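Record features (TrEMBL):
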DOMAIN    A:95-309  domain 'ABC transmembrane type-1'
TRANSMEM  A:33-53  transmembrane segment
TRANSMEM  A:60-79  transmembrane segment
TRANSMEM  A:99-120  transmembrane segment
TRANSMEM  A:132-152  transmembrane segment
TRANSMEM  A:183-205  transmembrane segment
TRANSMEM  A:258-279  transmembrane segment
TRANSMEM  A:291-312  transmembrane segment
Amino acid sequence: MAQRGASAAREAMAVPGLTAADRAAVNPLDRGYALLGMVLIAPTVLIFCAVIVYPLVSAIYLSLFSIFTPTLSGSFVGFRNYAELANSPEFWRSLLNNLIWTVLTLTLQVVLGIAAALMLNQAMVFRSLARSLILFPYFVSTVVAVLVWRWLFNDLYGVLNHLMMWAGILDMPLDWLGAMPNAMVSVVLVGAWKYFPFVVIAVLARLQTIPETLYEAATIDGAGAWGRFTDVTLPQLRDVLVVVVLLRAIWDFKEFDLIYLLTGGGPIIGTQTLPLMVYKEAFGLNEMGRASAVAVAMMLVMLVFMLVYFRVLRARGEEPR
Amino acid sequence: MDARRAEGEVRFEKVRKVFGTNLVVRELDLLIRGGEFLSLLGPSGCGKTTSLRMLAGLEFPTSGTISIGGRVVNEVAPGARDVAMVFQSYALYPHMTVAENIAYPLKKRGVPRAEREERVKRAAESLHLTELLPRKPRQLSGGQQQRVALGRALVRDPRVFLLDEPLSNLDAKLRAHMRAELIELHQRVGRTFVYVTHDQLEAMTMSDRIAVMHEGVLQQVGTPSEVYNRPANLFVAGFIGAPTMNLLRGRAENGAFAHPAVRVGLSGHVTPDLVLGLRPEDIVVGEGPFESRIRLVEPHGHEQIAQLDIAGGDVLTIRADAALPLAAGETLRWGVRAARLHLFDAASGLRLDATCTAPQALAA
């Protein structure tokens with residue numbers, strides 16, 4: 001109400017003598033800049049259409065056909081692929097696996113990432129060395145990392161079982177990758193290990209910009225170490241965590257190579273997520289149409305979660321700055 | 001009221017602070033009386049902020065003891081010292097509303113919600129913040145943020161208020177306004193205020209007493225008038241007052257202070273090498289035994305400040321009524337108000353007890 005009053009007042013105070021022609025006048029330079037702007041963004045728009053819009057549209061298009069992958073020929077079936085998916089326990093199981101994997105590994109990544117960032121933000125010996133080393137898992141190629149982990153997890157000669165038995169934690173060797181729920185736990189752990197450095201980088205950068213006086217004020221106001229963390233650090237990290245969680249959630253949800261290489265989706269379909277199901281339908285079962293339908297369904301699920309995510313953020317009463 | 005005053009007494013005893021190889025505060029002995037407004041005044045790097053931070057518990061003294069209300073607090077955590085601090089940057093919690101910011105220290109002390117709300121309301125009223133309570137700090141102007149920071153201190157009714165250059169980030173007009181509000185606030189709450197500033201105007205206008213520091217050493221403690229009228233040494237003499245005091249180096253000769261341009265009779269014991277301190281306002285313009293050329297004139301509206309080239313290669317700053325026709329290049333007659341001059345020993349820099357009697361004509 002007050003704002004409307006203020007803008008009305010501003011209208012009334014418009015410069016006397018200003019004519020409609022003055023307002024409508026367009027600077028020829030502005031027109032030139034606008035043209036230049038369009039020329040400059042044109043390549044981006046074209047590439048975006050070629051690699052994003054075209055595959056998206058063609059996936060939706062393909063999902064309406066029953067297609068044999070090697071020949072890419074087949075017949076129009078309408079929404080039958082979707083109907084079959086809705087009745088397929090494998091699809092729902094894969095979706096559930098996908099959610100379990102994403103939520104668990106993302107939670108671990110964030111917790112580990114914040115903890116490591118807090119540690120690296122402290123004054124300590126070999127800090128810059130530690131800061132570089134902690135990024136190591138993120139830089140290692142997934143294939144290499146997974147091969148090493150498979151060797152560590154191996155139920156016959158893996159060092160993990162050996163160490164845990166030696167320490168008395170296990171009596172018998174554990175089948176880390178070939179039985180449930182061990183396989184899911186293993187996949188989640190390796191995912192967390194591989195991707196938590198991303199959280200560390202983002203959080204550490206933000207930590208370094210938190211003013212020291214806020215901690216001092218909180219100390220004098222009577223906050224202990226935990227109080228300073230929850231009342232100063234976490235709120236300051238909020239904005240960066242919103243972005244980190246969003247990005248990591250998208251990337252984890254569509255993660256393929258790490259899971260495929262580690263368990264191949266097994267045992268049976270115990271760790272099969274939707275991206276693995278797309279791959280299996282398209283190239284294992286040669287059902288390109290159904291694979292496309294799974295991919296489109298995956299996109300819809302992600303869209304729904306993103307909408308919910310932003311809705312929840314907005315409901316917290318915080319406009320993103 | 002007396003108990004309230006006693007618990008606000010602060011004592012620094014032989015306090016030293018060393019950062020690495022840097023001696024920041026050396027042997028600070030200072031008694032701050034309960035309920036008084038004391039300013040720690042000095043140029044940047046003089047150790048005033050470090051002293052305040054040691055009192056807050058944010059730094060630990062290398063040696064010596066600090067006590068509040070008769071209790072040594074060296075080992076007491078900042079939150080348990082019953083002191084509140086206002087920072088130069090305000091240090092408001094950005095994600096909390098004004099009300100939550102002010103309530104925070106009470107919440108951390110386990111004050112029940114109903115009482116918390118009541119006390120926040122009262123603090124907000126006394127600082128004219130009531131309408132701003134639901135806002136976030138970034139929606140406030142600098143002056144409003146400053147008042148919220150004061151409110152966060154006020155709401156606790158702490159024994160000691162610590163203020164670290166709280167007005168430096170405000171514009172000149174707002175600063176003058178906040179000075180008046182701070183004086184009023186201090187009178188109302190009757191608590192000890194320790195105020196760190198490099199601005200002598202703030203120190204002079206608000207303080208009961210001023211402690212002047214320089215290079216980690218306490219130079220003088222006294223009321224604003226004592227510090228201004230009886231500076232204990234050359235540093236205080238040169239630091240307090242604007243424009244600054246003129247300091248002329250000369251010798252004691254036949255019972256008079258002798259300088260190529262000035263000669264003043266002396267009474268009392270003096271050392272052979274002297275520094276004469278003349279405040280610009282203690283120089284009589286237009287009459288007197290001395291004569292010098294005007295170097296430049298700065299009009300200030302209500303007065304003018306001029307610099308004179310005097311014999312011996314020194315420059316003398318004077319203050320004159322705006323109506324006087326002064327112009328650069330002209331010759332001006334001047335004298336001194338002898339009783340108001342200051343004498344220092346040139347070797348030690350310390351104030352001498354001797355007094356000046358009367359200006360004497362210069363030998364031709």
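Count begins at 1; order follows the chain as displayed.
Glycine residues also receive a Cβ, built from the backbone N, Cα and C atoms like all the rest.
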Tertiary contacts of the transmembrane segment (A:132-152) (same chain, 6+ residues out, Cβ under 8 Å): 116, 120, 158-160, 177, 186, 190, 193-198, 200-201, 257-258, 261-262
Interface present between the transmembrane segment (A:183-205) and the transmembrane segment (A:291-312) (three or more C-beta pairs under 8 A): no
Surrounding residues of the transmembrane segment (A:33-53) on its own chain - C-beta under 8 Å, 6+ positions past either end: none
Tertiary contacts of the transmembrane segment (A:183-205), as residues 6+ beyond its ends and Cβ separation under 8 Å: 97, 100-101, 104-105, 108-110, 112-114, 116-117, 120-121, 131, 134-138, 140, 142, 145-146, 149, 153, 176-177, 237, 240-241, 243-244, 247-248, 251-252, 255, 258-259, 262-263, 266-267, 270-271
Positions on the same chain near the transmembrane segment (A:60-79), where near means CB under 8 A and six or more residues out: 282-283, 286-290, 292-293, 295-296
